[in-house]
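Trainee: I have a structure I would like to understand better, so I am pasting it below and will then ask my questions one at a time.
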Amino acid sequence: MHNIHRRHFLKAAGAVTAGLVTANIALNANASSVAPKPRVGKSVIGLIAPKMELVRVGFIGVGERGFSHVEQFCHLEGVELKAICDTHQAVIDRAVEHIVNQNRPKPAVYTGNDLSYRELLNRDDIDIVIISTPWEWHAPMAIDTMESGKHAFVEVPLALTVEECWQLVDTAERTQKNCMMMENVNYGREELMVLNMVRQGVFGELLHGEAAYIHELRWQMKEIDHKTGSWRTYWHTKRNGNLYPTHGLGPISQYMNINRGDRFDYLTSMSSPALGRTLYAKREFPADHERNQLKYINGDMSTSLIKTVKGRTIMVQHDTTTPRPYSRHNLIQGTNGVFAGFPNRIAVEHGGFGKSYHEWDMDMQKWYDKYDHPLWQRIGKEAEINGGHGGMDFVMLWRMVYCLRNGEALDQDVYDGAAWSVVNILSEQSLNNRSNSVNFPDFTRGAWKHATPLGIVGA
């Protein structure tokens, strides 16, 4: 989306969001204490769309993230890239050129204003839409996509308010269309191996998980006129909480079968002082630069604790400001042992190749040899060649297309996207109420109690 439009929309969205948050806290800090609205359709847990011989794809947003999806789809069989939409001509031209250079038909192009995507949605030769736009557009575009009779696949996070989460759930249930937040980290090799190990009982009964998005991104503040930093920077002036919870939380949630036998119950959150971006702006920009006029309020480190209905605990952290190595934690603790990421290491009481659980086993190869996930065994080499965050992007898109072409349910649904994304809002609500706990809405309306647990997905 064009930067001028982004800024205007973001300012308006920020004002609305601030009002909604204030109202929510004033009226009721516990977001789920009010009973959910009656379901207007039927649950989409396990939704299976009619088989598609070819998956016809439209793209809304082909900038940095969107273009990477265009690249990956060009590697996939059984897909047609029908149309693209963006408000920035340079990224449109790049995407069209790449598609044509891959010996695929030239896609239709939609541009001109922020609502041009609706022209793309009016087409009757598109099955799914890939949405890779600034965060504030995710929910509105996904809702419009489902209303147009198409399946929505949305970049993270899925939504920015509790009400948006409910609107997405209600629309998916009423239209019986998929709305999948594309949490690519769930398809990383390590994450899928751990899922396999969890399902085989290697760690025993699960007790605790730790998730994070710790990724120093201050350099994005220098992206002024376009690219991610041109709009993402402003969120650090709008909210104080976990702005981006899903990369770490998605895999932990699937290990624990959240929304499929357990669910998030309540959350408490704290944030550190917000110092790093102000200091960075003073160091890297002239005194009169806009970046030095902004008031950064989002704490450099956000830490939330989640309690599940079954009593399990999850720590979720967010830090894109301080100078430190990248981490998503990816820790899962059970009664028989633990896996922790960054760096990968394992300690188990029984079944640990003779190594004591009092010390970490850092040699992953023997664990891969025994527990490497079926998806990576099948397409891992192809994923590594095609890239995309170490191959996880390719595996995710391959799996999406496989499910659609073979009449299988997707691995992530609208309830997952809503539950993982709503941590953004609830962490802010808790923080603004002296870190008192805030209840999670039950977006499944009780269906989590009887939903089939996610298995060791394969192909």
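Cβ coordinates come from backbone N, Cα and C, glycine included.
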Trainee: Given that Swiss-Prot annotates TYR213, ARG232, TYR244, PRO245, THR246, HIS247 as substrate-binding, name the residue from TYR117, TYR296, TYR326 that shares the site.
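Mentor: My reading of Swiss-Prot gives TYR326 as the candidate in that site.
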Trainee: Of ASN184, ASN196, ASN292, which one shares the NAD(+) site with GLU64, ARG65, ASP86, TRP135, GLU136, TRP137, HIS138, GLU155, VAL156, TYR244 in Swiss-Prot?
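Mentor: Site partner of GLU64, ARG65, ASP86, TRP135, GLU136, TRP137, HIS138, GLU155, VAL156, TYR244 for NAD(+), according to Swiss-Prot: ASN184.
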Trainee: Work out how many Å separate HIS247 (substrate binding site) and VAL156 (NAD(+) binding site) at their Cα atoms, rounded off.
Mentor: 8
Trainee: Quick check on the binding-site residues HIS138, ARG232, HIS247: which one has the highest count of other Cβ atoms within 10 Å of its Cβ?
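Mentor: When each Cβ's neighbours within 10 Å are tallied, HIS138 tops the list.
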Trainee: Looking only at GLU64, GLU136, the binding-site residues on record, which one has the least crowded Cβ, with the fewest other Cβ atoms within 10 Å?
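Mentor: It is GLU64 that, of the binding-site residues GLU64, GLU136, has the fewest other Cβ atoms within 10 Å.
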Trainee: Roughly how many Å separate the Cα of TYR213 (substrate binding site) from that of VAL156 (NAD(+) binding site), to the nearest whole number?
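Mentor: Distance between the two Cα atoms comes out at 12 Å.
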Trainee: Filter the binding-site residues GLU136, HIS138, VAL156 down to those whose C-alpha lies within 10 angstroms of the C-alpha of PRO245 (substrate binding site); answer none if the list is empty.
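Mentor: The binding-site residues passing the 10 Å Cα test are VAL156.
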Trainee: Quick one: Cα separation, VAL156 (NAD(+) binding site) versus THR246 (substrate binding site), in Å?
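Mentor: About 7 Å separates the two Cα atoms.
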Trainee: Please classify the secondary structure at VAL156 (NAD(+) binding site) using three-state DSSP.
Mentor: coil
